[in-house]
């Protein structure tokens with residue numbers, strides 16, 4: 001696939017492979033998301049029931065731990081929106097709405113329903129199809145739209161399709177849908193100072209990634225982009241979730257990283273997996289207060305964030321789902337004071353560049369990977385919770 005220089009891929013094509021078993025204790029250990037966000041404490045107030053969350057990604061494989069998954073659209077001719085050979089979208093979906101079981105895996109909003117819109121496969125996609133996907137999500141009644149991918153460009157370049165994305169985001173704002181996007185990862189093709197679309201738009205919640213330091217404090221990750229346009233941060237991994245290749249099994253996601261030498265395996269992490277934690281929180285809020293505007297939901301999430309001691313620009317703090325639910329939004333108006341930044345018309349020269357219609361969208365995993373490895377957890381028959389929402 002040809003791509004503009006500013007939009008080249010951060011990694012080669014990805015292939016799902018179930019190549020081995022991880023330690024069975026993984027599924028009985030609290031994930032980083034659980035430890036940092038304590039989202040189960042919000043379930044007494046809301047579990048996200050009745051809210052449709054659109055996942056614009058690589059598709060979502062049907063799974064016993066995902067509850068209701070709706071076939072939205074396949075914009076890639078890649079076998080349907082409920083087929084996820086890349087695995088990315090299924091793990092994103094698990095963070096949003098994975099249902100609890102006998103193990104310690106669960107998503108932030110297990111009562112939410114998921115609308116799968118396959119917009120990219122093997123790293124291919126563009127901003128035109130992203131705008132189309134957002135509009136499809138709105139047509140299907142989504143109140144939350146998760147975008148765990150980005151188009152990265154230099155500040156001097158306006159990538160083709162931006163105007164269409166801005167129009168779609170503005171429509172979402174009018175219709176009360178919250179758009180949440182990963183902020184992007186540092187890589188050779190997306191370095192500090194770059195512009196990440198659509199996260200940079202002010203009516204999109206831009207999500208960076210944080211981790212826990214050795215002393216137990218929140219700390220920035222080395223891979224997450226920083227900038228004044230980032231709104232909030234959340235854990236970026238390690239990731240435990242539904243195995244896209246086995247509807248009854250959990251898996252944890254690893255990569256082989258050539259930069260560290262042949263055969264060096266480490267967990268996948270990235271802002272891809274921070275964004276869905278925020279999307280799950282938005283679903284919790286909307287389920288409890290469905291009358292809120294998109295602006296009010298954003299402000300509840302951002303204003304309630306736990307402050308972090310860092311000189312880096314990684315947003316207002318770390319996501320706090322329980323605090324966001326109880327944050328008083330009574331005085332919030334329906335109109336955001338942070339308008340979408342003006343976007344000039346794309347120049348004819350930009351649209352005429354070879355490959356401009358296929359400007360690549362990057363799946364936001366930590367850079368340097370060369371192979372995906374799906375390591376199945378050995379607790380295979382992890383039955384979903386029977387007394388909670390599906």
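Cβ from N, Cα, C; glycine included.
Automatic prediction, not curation, is the source of TrEMBL annotations.
TrEMBL has this to say about the protein:
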ACT_SITE  57  active site, charge relay system
ACT_SITE  88  active site, charge relay system
ACT_SITE  272  active site, charge relay system
DOMAIN    48-307  domain 'Peptidase S8/S53'
REGION    336-355  region 'Disordered'
Local backbone state of residue 272 (active site, charge relay system), from DSSP in three classes:
helix
Which chain-mates of residue 57 (active site, charge relay system) that are at least 6 residues away have a CB under 8 A from its CB, listed by sequence?
84, 88, 89, 92, 93, 116, 117, 118, 119, 120, 146, 148, 149
Need the DSSP three-state call for residue 88 (active site, charge relay system) to compare against my parser.
helix
Applying a 10 Å Cβ distance cut-off over all chains shown, what neighbour count does residue 272 (active site, charge relay system) have?
32
DSSP on residue 57 (active site, charge relay system), three-state: which is it?
strand
